[in-house]
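Lifted from TrEMBL, the feature list:
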BINDING   164-171, 189-193, 210-213, 280-283, 309-311  GTP binding site
BINDING   Ser171, Thr191  Mg(2+) binding site
DOMAIN    1-157  domain 'Obg'
DOMAIN    158-328  domain 'OBG-type G'
DOMAIN    344-421  domain 'OCT'
Amino acid sequence: MFIDEALIFIEAGRGGDGCASFLREKYRPHGGPDGANGGRGGDVVLEVNNSVRTLIEFSRRRHFRAGNGSRGGSRNKTGARGSDIIVLVPPGTVLRDEEGTVIADLVDPGQKFIAASGGQAGRGNAALVKEVGPLPRFAEKGEPGDERAIKLELKLVADVAIVGFPNAGKSSLISKISRARPRVADYPFTTIEPNLGVATVADSEFVVTDVPGLIKGAHEGRGMGIAFLRHIERAAVILYLVDMSPASGRRPVEDLVVLEDELESYNPDLIRRSRIVAANKMDLKPRSQDLDDLRLECEARALGMFAISAATGDGIPALMSAVADLVQRSDEEGVSTGARVAYEPAAEEETMSVTRSDGLFVVTGVRVERLVKMTDWSNDDAITYLARKLREAGVDDMLARAGAHDGDEVEISTKTFEYSSHAGVEEIARASEAAADEKGV
């Protein structure tokens, strides 16, 4: 079964907690801090693999989770890093976030993309000496890893896309020019999934795909074409296959016009690529007027045209020689087919903001949210450290400017505090934690 869309849920590993411990030896009963850092959480990594052809595996498994980092130990024993999880995807896989924004386009075999990053490791008390003092009595918690839903879309990677109306002979042609063995029958919509084949012409090889038949309005969702139009996007050369048989009841020249219009409506860039026309089923004695009209239309559009029969093989060598030339020319000219490498992860934003909603002041910012997530709320020294870092980051001043009053609730990450203009953040944090304990939170 050909599956070209999937929704998966991924979760990177949590960072390991840091360790708060002190050196204890026979002749050094009061040694300094020796608590080590935890291990970083594992990443969720998507990797392109040629042996994977569709997204069918993701209909069986949708959840992927990397390993957590280990806790740091005493005597400066750093925790182990969490294990990465490698998710194999076929060439041509596009990743979109929950808003539909493309976050990566994976094309080349071996290409990797970190789709979810492991959480930062918590620091042990030995690493906090410079910031806190000679005897830190707390350590940081590990940061949770990224967690997200990702939509996968497959756009086949082919040099040439064969495009035509249903029953134009696309599957017959690809079976003639390659070792692909698609289903072939004399009725519309025989092809219900794209087929890939490798064509060899002289010393050159290139990949060809035939796409299920398009109909007028395909770019708007009519027929099956809309589900497969994206598989054309990576092709450097588009081969229009037109049915010339009188029995079809069609006008070949009108079919060509519709095909061009559909591709332009779907993606205007497609009709700026190399295009060529194959007039198929010449063995069925087409009307001379149809052939003349098609030839004139091709000349008007500067498209090469070849009369062929996929059934008998007549005209195919000349057609494929011309196609090979177009592929080579596209390679030499570096024609863009929209393929992109994985995007670089965005740099962490240092900006911080305060928004108000229904009496709740929400403080957001990567740095301050991370501080809250990595705080050991059972340790007063850790809360004191957090309060100082939040104050240094300007949280108190921003809340005052935003109009916070005594008794207002302030939310940072997963924690909610009660604001007091007279108490420092430290006291507010402790009071909020005590209230949470009383409620059994």
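Each residue, glycine too, has its Cβ placed from N, Cα and C.
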Mean predicted confidence [pLDDT] for the domain 'Obg' (1-157): 94
Pro212 (GTP binding site), number of other Cβ atoms within 10 Å: 24
Rounded Cα-Cα span from Ser171 (Mg(2+) binding site) to Pro212 (GTP binding site), Å: 9
Greatest C-beta neighbour count within 10 angstroms, which of the binding-site residues Lys170, Lys281: Lys170
Under 8 Å by Cβ from Ser309 (GTP binding site), counting only residues of that chain that are 6 or more apart: Asn280, Lys281, Met282, Asp283, Gly315, Ile316
DSSP residue counts for the domain 'OCT' (344-421), split into helix, strand and coil: 29 helix, 18 strand, 31 coil
Gly164 (GTP binding site) versus Ser171 (Mg(2+) binding site) - Cα distance in angstrom: 11
